[in-house]
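Okay, so here's the structure we're looking at.
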Amino acid sequence: MMSMLKMLKIIGIYVLFGLSFETQQIEGVMNVTAVKGYEAILQCEAPGKSSNKPVQFQVNKEDNNTMIAIYNPPVNKILNSSYKLRATLEVTENSVTIIIKEAQESDKGWYSCQIHTFPGGKVVQKIYLHIKDYFPNSPSSRRGVIIGIGVFAALVLIGAVFMFLFCAHQRKDRVYIPKQVNIIVKNSQYSENKWTSGNNDRTTSNEHSEDTYEDYLIMSHG
């Protein structure tokens, strides 16, 4: 008896679908990001006026055209066998939420949510699920940022060292080199001859006993 009532109810729902208005397509895409091994939450919510009562929710994975879940009040059921052990279905009066407990790389892709309302008709929503290897603020992501900053700092330091060496080389090339260098050598032989000849007064020229220019030879080089 109960099975017959359920069948009649389902038949009545599909009759209502046939009498409802044309399908409405919702513009825009919802993007959802999940981390591999953690929960992925896909939510479908019936839009429009409160007079449009949701009578069925159906979630499909479009990549392989697989129906994942279907909800006909009061039925709460996950249909696809690959999701039975790792997914749950939460429903409200105007929404349905699929929670995938351990997201996998194969879960990435497009999902569609078909919401049948009465008397508004069918509404289709699009969801794209992104799967990441780690959380955006996890140590792995911070480690990547630190490595990037370290590489940048090393490049800046190397550039500064090369610039310093280049400037030092340029300054060395601009050092002034005089064209003539005067070398003054004391004429010891001349002084010795003067000393032996008895002209001791010729070795100094003033009262401070300073050597005179006669005791030196000036050599020019350059």
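Placed from the backbone N, Cα and C atoms, the Cβ positions cover glycine too.
Per TrEMBL, signal peptide is recorded for 1-20.
The feature domain 'Immunoglobulin V-set' is assigned by TrEMBL to 31-123.
According to TrEMBL, the transmembrane segment annotation covers 145-168. Residues of the same chain that sit 6 or more residues outside the transmembrane segment (145-168) yet have a Cβ under 8 Å from a Cβ within it are not found.
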Whole-number mean of pLDDT values that fall within the domain 'Immunoglobulin V-set' (31-123): 86
Residue counts (helix, strand, coil, in that order) that DSSP gives for the domain 'Immunoglobulin V-set' (31-123): 7 helix, 52 strand, 34 coil
